[in-house]
Each structure stands twice: as C-alpha cells, then as structure tokens.
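Novice: I'd like to ask you about the structure that follows.
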Amino acid sequence: MDDSTQAAEAVITTPTGARTVRFETGRLARQAAGAVVAHLGDTMVLSATTVSRSPKEQLDFFPLTVDVEERMYAAGRIPGSFFRREGRPSEDAILTCRLIDRPLRPSFAKGLRNEIQVVATVLALDPDTLYDVVAINAASASTMLAGLPFSGPIGATRVGYVDGDWIAFPTHSELERATFDMVVAGRVLEDGSDVAIMMVEAEATPGTVALVAGGAPAPTEEVVAAGLEAAKPAIRELCRAQSELAAGAAKPQREFPLFIDYHDDVLETLTAAVGEELAAALRIAGKAERETELERVRALAVEKVSGQFEGRDKEISPAYRALTKKLVRSRIVTDGVRIDGRSTTEIRELSAEVDYIPRVHGSALFERGETQILGVTTLAMLRMEQTVDTLNPDRTKRYMHNYNFPPYSTGETGRVGSPKRREIGHGALAERALLPVLPSREEFPYAIRQVSEALSSNGSTSMGSVCASTLSLLNAGVPLKAPVAGIAMGLIREGDAFVTLTDILGAEDAYGDMDFKVAGTQEFVTALQLDTKLDGIPASVLAGALQQARAARLTILEVMAEAIGGPDEMSAHAPRVISVKIPVDKIGEVIGPKGKMINQIQADSGAEITVEDDGTIYIGAADGPAAETARSAINAIANPQMPEVGERYLGTIVKITNFGAFVSLTPGKDGLLHVSKLKQLAGGKRVEKVEDVLSVGQKLQVEITEIDARGKISLAPGAESIDTVSAGS
C-alpha cells in the first residue's frame with residue numbers, strides 16, 4: 001500500500017457469513033476534492049467528488065450531478081457497440097445514478113449553489129456481486145472527504161429475504177433464492193440512538209411466486225418492515241467506517257456561500273397581504289379551478305408587496321411558495337383535511353377501462369382523479385427481446401417497460417424526444433412491480449413490450465402505470481399470476497408528529513416530506529420506492545405507511561377486477577407463438593445443412609422459428625394454422641412416429657438416380673421408389689430411364705412396402721398414382 005493511502009473497513013455479519021466493505025483514499029484521483037475506492041470482495045468502485053470554485057447565483061436549485069461510469073473491462077469484456085467503446089450510460093447505470101442522488105441531495109446544506117459532481121466508476125466487478133450499493137457508499141465517502149457542507153455519512157446496503165432470513169449484501173446466487181430484494185440507505189442520528197431511513201428501492205423477485213408456493217414466507221408488509229430494521233446494523237457499520245476514514249483524511253470544511261431564497265420580512269408581508277385569500281383558494285377541490293384562483297392570488301400578491309421590496313423581487317416567488325406550503329401542511333396536520341378536501345386515507349375517484357385502442361394487442365386506460373395513464377401491450381417472438389450490453393449478468397430482457405411523460409400531461413410545453421432519467425426510473429419501477437407476476441418463458445413464449453403513456457398528471461403516474469399495465473397485459477391475454485396495483489403515499493412532519501397521506505396529489509408531493517410508492521398483489525408487496533426531503537424517517541413510521549398503503553391497494557384492485565377479471569382471448573392481430581421440445585441431438589437435423597431444413601419449413605409454413613440450446617423450439621406465426629404446420633414438420637423430423645408397412649403418403653420426388661427415385665414422405669424422412677417398380681406407371685413396360693416417367697418436384701402417391709433393419713424405406717406407387725400417370729400417358 002502507498003504511504004499516502006488511508007483505509008477503513010466495515011464488517012457486516014450475515015447468516016451466510018461476514019461481508020467486508022473496505023474504503024481507501026489517497027492513492028487514486030488525487031486532484032478531486034474527495035476520492036474513495038470502495039471494495040466488496042473483487043468488486044472495486046472509484047468515486048470522485050468535485051466542486052466548482054464559484055457558485056451559480058442565478059440558479060434557484062442545487063446543481064448536484066451524479067454520473068456512473070460502467071467500464072466493460074471491469075467484467076473482462078469488450079463493449080458490443082460498433083466502435084467497441086462505452087457510449088451513453090446504460091439503464092442500469094442511470095438507475096444507480098438515481099440511487100446515489102436521492103439520499104445525497106437532501107444531505108447538503110440548503111442554499112448551496114456551487115456545482116457539485118460525483119462520478120462513480122466501476123473498475124472491477126465480481127460477477128456474483130451487485131455494484132450499485134458499493135457505489136452509493138463510495139459516493140458518500142468521497143463526499144465526506146471533499147470539505148463540503150454535507151451532513152453525512154450515508155450508509156447503504158442491499159438486503160435479500162432468503163429462506164426466512166434477511167441477508168445483507170446478497171450475491172446474485174443468493175438472490176435467486178430470495179423472495180424480496182431491497183436497497184436501503186440511511187444515516188445515524190446525531191445522538192447515535194437510531195438509524196433514519198432516507199431511501200428505499202425494493203422489489204419482489206421473478207421467482208417469488210414459485211418460492212412462496214413452495215413454502216417460502218411471502219414478502220408481506222410486516223416482512224418488508226422487518227427488512228428495514230434488518231438493514232440498520234449494516235448501515236450503522238458502514239457509516240462508522242466512513243466516519244473513521246473522514247476523521248483522518250477529510251479536508252477542512254470550506255466556507256461556501258448559502259443563498260437564502262427569501263428573508264422573513266417578505267414572508268410576513270405576504271402573509272398579511274394575501275394569507276386569507278390564499279388559504280381560501282387552497283380549499284378549492286378541482287385542480288383547474290384551484291390553479292386559476294391561485295394564479296389570481298399570486299398576481300395580487302406581487303402587486304401588493306413588490307413596491308415594498310425594491311431590488312428584492314426575486315424573493316417574492318419563493319416566499320409565496322413557502323406560504324403556500326405552510327398553509328397546505330398546517331391544514332393537513334391541524335384539521336386532517338387536504339387540498340382537495342379528502343381525508344388523509346381517502347383515494348380519489350377511480351376508473352378502469354380495457355380494450356381502449358383498436359388493433360393493438362392489448363390496451364387499458366386507468367384514471368385516478370386527474371392522473372390518467374394509457375397502457376399498451378405488444379407481443380412478439382422471443383427473438384425480439386432486448387439485448388442488454390451492461391455489467392449485469394442478465395444479457396436479455398423479455399419484458400420491456402417504457403414510460404413516457406409528455407409535457408402536455410401537466411398542461412405545459414417542453415422537449416419531446418429521448419427519455420430523461422426520471423422517465424427511465426419510473427419505467428423501471430413499474431417493470432419491477434410486474435416482473436414477479438409475469439408467466440415464465442415456457443408458460444408464455446412471447447417477448448412483451450409494455451408502454452405507459454402519462455396523458456395527464458396530478459400525482460403518482462408511476463403507480464398509475466402499474467395499474468394500467470396490469471389491465472393492458474390481461475387484455476392482451478398474458479396469464480399474470482396475480483393482478484398488481486400501486487399507490488403513492490406522502491408524509492407531513494411537524495415537530496415530532498407524522499401524518500401519512502394516501503394517494504398524494506402533485507402539490508402534496510411538492511410540499512410534503514416523503515414520496516413513498518408501494519405496489520403489490522392482494523397477498524404481498526412486489527415493489528416499493530421511498531424518497532424523502534428529510535434527513536431520515538423512523539422505520540416505525542414507514543411500517544405504518546405500508547399498512548395504510550395496503551388498504552388503498554386492495555381498494556384499487558377491486559376496481560380493476562370489475563374492468564377485467566382475468567386474461568382475455570389474445571387479439572386476432574397478435575402473433576401466435578407455440579413451443580415444441582425436441583431431443584438436443586436432433587437440433588442439427590431440424591436446422592439442416594447450412595439451415596436448409598429450417599429455412600424450408602419457414603418458407604412452407606410462413607412461420608418464424610427460434611431454436612434454443614436446450615432443444616426448445618419457439619414457433620411464431622400470424623395465425624394458428626401456420627404455426628401448427630411448422631410444428632408438425634418439426635415433429636416429423638425430431639419426434640417422428642415410425643412409419644409402418646402399408647401406410648400411404650403423398651410424397652414429393654426430391655432426387656432421381658439411375659436405380660430409382662427418392663421420395664420425401666415427411667421432412668427428414670425419405671423412401672426409395674426403385675426403378676423396377678416404375679413399370680406400373682408405364683403401362684407394365686420396363687423403364688430404362690427414370691426421367692422418362694418421373695421428375696424432381698413431382699407429387700406422387702406412394703405406399704410403404706418394406707422397412708429394413710436399418711430403417712430404410714422401400715416404396716411402390718399407390719393406386720391413385722398409377723391411375724393418374726396412366727391417364728396422362
């Protein structure tokens with residue numbers, strides 16, 4: 001080790017053995033404000049935190065940027081792109097950026113306007129280890145060393161629910177036996193008494209339903225709440241190690257200017273001028289009417305107070321927002337009444353409709369208040385599944401969920417084009433919520449693309465996407481193991497009091513302290529996501545929110561069941577995909593030399609055929625008869641019924657020799673019509689040249705006369721062929 005290197009270790013005890021996360025600094029990236037290399041086994045992530053010299057005074061937000069660089073050399077691979085180098089970040093990298101950003105952002109001092117960038121680079125990857133939680137810890141540690149106004153450290157761990165135990169930092173192989181997988185980030189309270197939860201990203205696994213059916217405990221709300229508690233010791237140990245490293249290696253904290261959005265005198269003046277009118281406007285239930293009145297009150301506020309604060313006009317808008325936030329929160333905490341008049345546990349009006357769009361394979365429209373989501377399902381052959389070139393060991397995705405959030409969904413103008421990080425994150429959350437209930441490849445051999453169109457937004461379009469997608473998938477005929485619904489929960493904290501809100505509005509998301517999204521079936525949770533603006537939330541509060549969310553989820557599932565109770569018949573416009581299993585040693589026969597046989601079957605049937613290494617063959621066609629024709633041809637080659645003497649076939653002559661003609665009876669099964677048998681086709685005369693009687697490609701009715709010990713088949717012309725040829729002559 002270099003003399004300048006300092007290190008600290010966090011040792012986390014699990015039921016399957018200890019996990020050691022090692023933090024090192026001083027050897028790499030020395031010009032960064034803070035740089036840390038985090039190790040977990042052979043996985044190695046470098047995080048570098050840098051800060052701009054001067055603030056961006058014109059900004060009204062904190063300019064934090066988080067980037068994750070996946071280096072393919074980390075897994076001993078060359079990128080699969082045309083230029084053979086890394087390009088735009090993968091979806092996994094983008095999702096990891098969000099995992100890092102979410103707990104880091106609220107930990108910086110309010111009012112900071114210096115640009116801060118955190119870059120996490122994956123240098124080495126153990127194929128059985130997930131790097132995302134290592135990157136979160138590395139990012140927190142490097143930021144701790146950078147001399148910034150940062151209230152870290154933040155510890156993050158993944159916990160998997162395996163065989164009834166919560167295991168910290170589970171491996172890929174352990175997660176295959178897990179019923180729930182959860183990433184939890186948090187911080188230790190100043191008095192050291194507890195760990196406050198700051199971020200959660202969790203989901204049931206694709207194998208959850210099968211594992212539960214086999215006797216494994218289901219990930220119910222109680223189990224998930226226990227998982228949050230199980231994550232705390234690991235978070236505490238990771239924070240301890242980061243603090244130990246920072247104690248010896250951190251730069252002294254620099255003085256950074258903090259830009260206050262407004263001063264108290266502006267807020268007090270606004271309260272006196274328009275406080276009562278603003279409170280009345282906030283009691284209007286309808287969003288459109290409420291926002292119209294709020295705009296009027298806002299204009300009135302500017303008119304009344306702008307002359308009193310010359311040169312400080314920029315303070316009026318944030319002060320008005322602060323007053324709005326205060327009134328909204330006060331009414332909820334004091335009266336238990338929300339902006340639109342609902343109680344804290346009430347859900348907005350629900351609507352669900354399927355088969356909304358013609359010709360598509362499946363569609364649904366789901367509405368919750370003013371939030372409106374259109375779900376559309378497309379089915380295709382398995383060869384259309386997505387190929388993924390990332391550090392993730394899964395190289396393909398059969399289920400692809402895309403989420404679109406056009407600007408008109410909020411009544412605004414804006415850029416339309418490639419998805420932003422938020423859209424990718426929302427799509428991934430909805431995808432994870434549905435993965436546990438999707439049928440297996442064997443049960444439903446289709447590639448599935450689900451698109452969620454957020455047509456109107458006023459609170460939790462991501463959870464609306466889960467509901468719309470469930471409806472759309474069922475409408476497309478996908479045999480889901482159970483329907484899934486989702487709900488977004490909010491939180492208001494005033495002092496030591498916490499008020500949990502069911503089905504939050506967009507404004508409640510903006511003015512509240514937490515966005516907690518929970519999706520699941522009637523029986524268990526399939527996905528959840530927590531973001532908070534606080535320094536942390538007690539796990540007991542989250543446990544209560546989980547139970548409140550369950551009651552709402554069951555209500556939504558009832559409404560969805562009224563729209564569609566189970567999988568519909570597949571659309572006439574959807575492809576038909578069937579499968580057939582053949583012996584592995586027959587794969588070559590089905591494909592044929594240079595693909596001759598499989599190409600012939602595809603040409604004859606019009607079907608598309610995909611052959612798997614295990615002998616499973618998927619056949620896709622525009623209709624059922626075409627698929628069945630291809631399956632019959634494949635079975636004739638690989639799973640043939642042995643022909644018997646006396647059976648008759650309408651065969652095709654495939655080859656002529658001087659001793660007879662070879663006739664194809666079924667694909668891969670030929671018989672010989674000897675020249676001596678041809679005199680029956682020539683009026684009893686001896687045939688000198690086979691070509692005088694028969695030609696390649698000619699259809700001929702034949703009968704099996706003999707099958708020798710080696711399986712060679714001898715044929716004779718059928719009576720129909722004798723009559724046909726005689727009539728022709």
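Placement of Cβ uses the backbone N, Cα and C atoms for every residue, glycine included.
This is the feature table in Swiss-Prot:
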- Asp509, Asp515: Mg(2+) binding site (BINDING)
- 575-634: domain 'KH' (DOMAIN)
- 646-718: domain 'S1 motif' (DOMAIN)
- 399-419: region 'Disordered' (REGION)
Novice: Taking the Cβ of Asp509 (Mg(2+) binding site) as the reference point, list residues of the same chain whose Cβ is under 8 angstroms away and which are at least six residues distant in sequence.
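Specialist: Set apart from Asp509 (Mg(2+) binding site) by at least 6 residues yet with Cβ under 8 Å, we have Gly459, Ser460, Ala488, Gly490, Asp515.
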Novice: Reported in the order helix, strand, coil, what are the DSSP residue counts of the region 'Disordered' (399-419)?
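Specialist: The composition, in the requested order, is 4 helix, 6 strand, 11 coil.
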Novice: Per DSSP, what is the helix/strand/coil residue tally across the domain 'KH' (575-634)?
Specialist: 32 helix, 16 strand, 12 coil
Novice: Tally every other Cβ atom lying within 10 Å of the Cβ atom of Asp515 (Mg(2+) binding site).
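Specialist: Its Cβ shell of radius 10 Å holds 21 other Cβ atoms.
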